[in-house]
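Colleague: Straight from TrEMBL, here's the annotation block:
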- 9-16, 22-23, R62, 89-92, K100, 116-117, 160-161: substrate binding site (BINDING)
- H10: active site, tele-phosphohistidine intermediate (ACT_SITE)
- E89: active site, proton donor/acceptor (ACT_SITE)
- H159: site 'Transition state stabilizer' (SITE)
Amino acid sequence: MPGLLVLTRHGQSEWNKLNLFTGWKDPALTELGHEEALKGAKELKKYGYTSFDMAFTSALQRAQNTLAIQLKEIGQEGIPTKKDQALNERDYGDLTGLNKDDARKKFGEDQVHIWRRSYDVPPPGGESLELTAKRVLPYFEKEIKPELLKGKKIIIAAHGNSLRALVKDLEGLTPEETLKLELATGVPLVYQIDENGKVLDKKILE
């Protein structure tokens with residue numbers, strides 16, 4: 001029996017709405033963010049993905065609340081859930097809390113673009129996508145993948161960059177392909193995983 005893995009990026013947060021670099025800061029979901037999470041859950045119901053063995057999320061409330069909204073909607077509130085900072089968003093270091101337009105004025109558009117869109121160049125005091133992957137993937141390999149290989153059904157609510165790291169690993173993407181990935185807020189990605197960890201099927205529920 002193949003394992004099932006659902007990945008969902010959290011709904012819009014208060015800092016997303018203000019166009020701020022958020023990273024490890026912990027703003028709440030906006031009203032729209034709640035709606036996005038709920039819409040994703042309704043898509044899960046529509047396609048029959050309503051039974052899970054366990055759930056994982058980050059240490060940040062925007063991901064935790066997205067997960068809670070989705071589990072409630074599909075009637076899975078009681079399943080075992082693990083929260084870990086290994087699944088947190090990329091740490092933006094000195095950019096954290098800055099408006100993205102203000103950051104471009106302060107550091108220059110080209111420099112900010114490099115920090116945001118290169119795979120291995122971190123902002124000052126922060127993480128690159130490569131460094132983010134180096135904490136996400138060991139956690140996935142230790143805590144999540146063994147369960148998938150047993151045929152378990154797992155749902156994860158996390159963040160744009162921590163999920164990019166997972167998708168890169170699952171799909172064997174290059175760094176360049178990974179950087180181009182756009183993960184919509186609240187939209188579930190559904191993977192069927194065989195007993196060797198290979199992706200058998202992928203669906204985007206939107």
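Every residue, even glycine, has its Cβ placed from backbone N, Cα and C.
Unlike curated records, TrEMBL annotations are generated automatically.
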Colleague: Near the Cβ of R9 (substrate binding site), how many other Cβ atoms are there if near means within 10 Å?
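Modeller: There are 28 of them.
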Colleague: For G23 (substrate binding site), what is the secondary structure by DSSP, using just helix, strand and coil?
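Modeller: For G23 (substrate binding site) - judged by DSSP and reduced to three states - the answer is coil.
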Colleague: For the binding-site residues listed here (G23, R90, K100), tell me which residue's CB has the most neighbouring CB atoms inside 10 Å.
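Modeller: When each Cβ's neighbours within 10 Å are tallied, R90 leads.
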Colleague: Going by DSSP, is R9 (substrate binding site) sitting in a helix, a strand, or coil?
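Modeller: It is in a strand.
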Colleague: Suppose we draw a 10 Å sphere around the Cβ of Q12 (substrate binding site). How many other Cβ atoms does it contain, all chains included?
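Modeller: 20, counting other Cβ atoms within 10 Å of Q12 (substrate binding site).
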Colleague: Taking the recorded positions one at a time (H10, H159), which has its Cβ surrounded by the most other Cβ atoms within 10 Å?
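Modeller: Of the recorded positions H10, H159, the highest Cβ count within 10 Å belongs to H10.
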Colleague: Which recorded positions from the set G23, R90, K100, H159, G160 come within 10 angstroms of the residue listed as 'active site, tele-phosphohistidine intermediate', judged by C-alpha positions?
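Modeller: H159, G160, listed in sequence order.
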Colleague: To the nearest whole angstrom, what is the C-alpha distance linking the residue listed as 'active site, proton donor/acceptor' and G160 (substrate binding site)?
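Modeller: Distance between the two Cα atoms comes out at 7 Å.
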Colleague: Between the Cα atoms of Q12 (substrate binding site) and H159 (site 'Transition state stabilizer'), find the distance and write it as a whole number of Å.
Modeller: 11
Colleague: Which residues does W15 (substrate binding site) neighbour through Cβ under 8 Å, counting only same-chain ones at least six apart?
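Modeller: Expected: F21, T22, K25, P27, G97.
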Colleague: Compile a sequence-ordered list of residues in the same chain as G160 (substrate binding site), six or more apart from it, whose Cβ lies below 8 A from its Cβ; state 'none' when nothing qualifies.
Modeller: R9, E89, L183
Colleague: Inside 10 Å of the Cβ of the residue listed as 'active site, proton donor/acceptor', count up the other Cβ atoms and send me the figure.
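Modeller: There are 26 such Cβ atoms around the residue listed as 'active site, proton donor/acceptor'.
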Colleague: Expressed to the nearest Å, what is the distance separating G23 (substrate binding site) and H159 (site 'Transition state stabilizer') at their Cα atoms?
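Modeller: Rounded to a whole number, the Cα-Cα distance is 9 Å.
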Colleague: Fill in the CA-CA distance, H159 (site 'Transition state stabilizer') to R90 (substrate binding site), as an integer in Å.
Modeller: 8
